[in-house]
Amino acid sequence: MKLNFSKMHGLGNDFMVIDGVRQTVALSHQQIAQLGHRQFGIGFDQLLLVEASTTPGIDFRYRIFNCDGSEVEQCGNGSRCFARFVVEQGLTDKTEIAVETAKGVIYPRLELDGNVTVNMGTPRFAPEDIPFIAPNEAMIDPLIVDGQVYDISVVSMGNPHAVQVVESVDTAPVALHGALIENHPRFPQKVNAGFMQILSRNEIRLRVFERAAGETLACGTGACAAVVAGIRRGLLDATVIVHTRGGDLTISWAGDTHPVLMTGPAVTVFAGTIEV
Ligand SMILES: N[C@H](CCC[C@H](N)C(=O)O)C(=O)O
């Protein structure tokens, strides 16, 4: 099967983006993992598959696969690249689109300054929505990791996140504890582990050890989850600049059932064709 694709990134979180509207795409999880391999394949954090939607009022379907081949519910940096891709490829002439994902509809909008703003939907906190094994919903939950107790906040942006506040993201044990949190038995479907350093009520630094992908240079849903967790803890105001290792995102949330808004870049690195 010959596949045309684009290699893209959102702040260094990189993707293989495939048009599944004008191409017939049938990839096994194993084939996706092979494509995702940094040496033996194309190499990416996630593969994004663009599909047509038959749902009235919805423009596209958005399927997301981690580099190990596992399919997941949401990808924030990927949603910005998705929007740029469908416009660049001539799949739509709209600049604001409705995209259905495994967990709800998101609304990316291409801005005149080249950035992309995405309505990422409403965050969820109930243990069953994460999923997280806990007696009840709590803003902060003590998670025992490597014999230490970490105060985490669990947030679903469609995909699961466990966020903690650290003194410094430079010295936080992201690799070691990120992997232990990702695979902690209280997260039946594993989890993305966020390490947030508060600089002010409107500015944080963030590193995320992503489920299945390890630490990435940026994580869009992780940035959303971190800001939501910080606002709920009374540490952040409604609009926050999130400094990731790959660059900056602007995240806004008015609380309660309001959606989380994320603004940032989306870059096409190259287009290619591959025989799978
Ligand atoms: N690793 C994540 C999916 C990608 C999320 C991230 N790349 C983003 O920008 O939100 C998960 O397994 O839930």
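We number each residue from 1, going along the chain as drawn.
Glycine too: its Cβ is placed from the backbone N, Cα and C atoms.
Unlike curated records, TrEMBL annotations are generated automatically.
As recorded in TrEMBL:
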- N13, Q46, N66, G76, N77, N159, N192, E210, R211, G220, T221: substrate binding site (BINDING)
- C75: active site, proton donor (ACT_SITE)
- C75: active site (ACT_SITE)
- C219: active site, proton acceptor (ACT_SITE)
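Sequence features annotated in TrEMBL and their locations in the structure.
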residue : record                       : Cβ neighbours (10 Å)
N13     : substrate binding site       : 30
N66     : substrate binding site       : 22
C75     : active site, proton donor    : 31
N77     : substrate binding site       : 35
N192    : substrate binding site       : 27
R211    : substrate binding site       : 24
C219    : active site, proton acceptor : 34
T221    : substrate binding site       : 30
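Cβ atoms within 8 Å of the centroid of the Cβ atoms of N13, Q46, N66, G76, N77, N159, N192, E210, R211, G220, T221 (the substrate site) belong to the same-chain residues D45, I64, V72, Q74, C75, G78, V208, A213, T216, C219, G222, site residues excluded. Here the binding residues for substrate are N13, Q46, N66, G76, N77, N159, N192, E210, R211, G220, T221. Their largest Cα to Cα distance works out to 16 Å. Of all the recorded positions given, namely N13, N66, C75, those whose Cα is no farther than the 10 Å limit from the Cα of C219 (active site, proton acceptor) are N13, C75.
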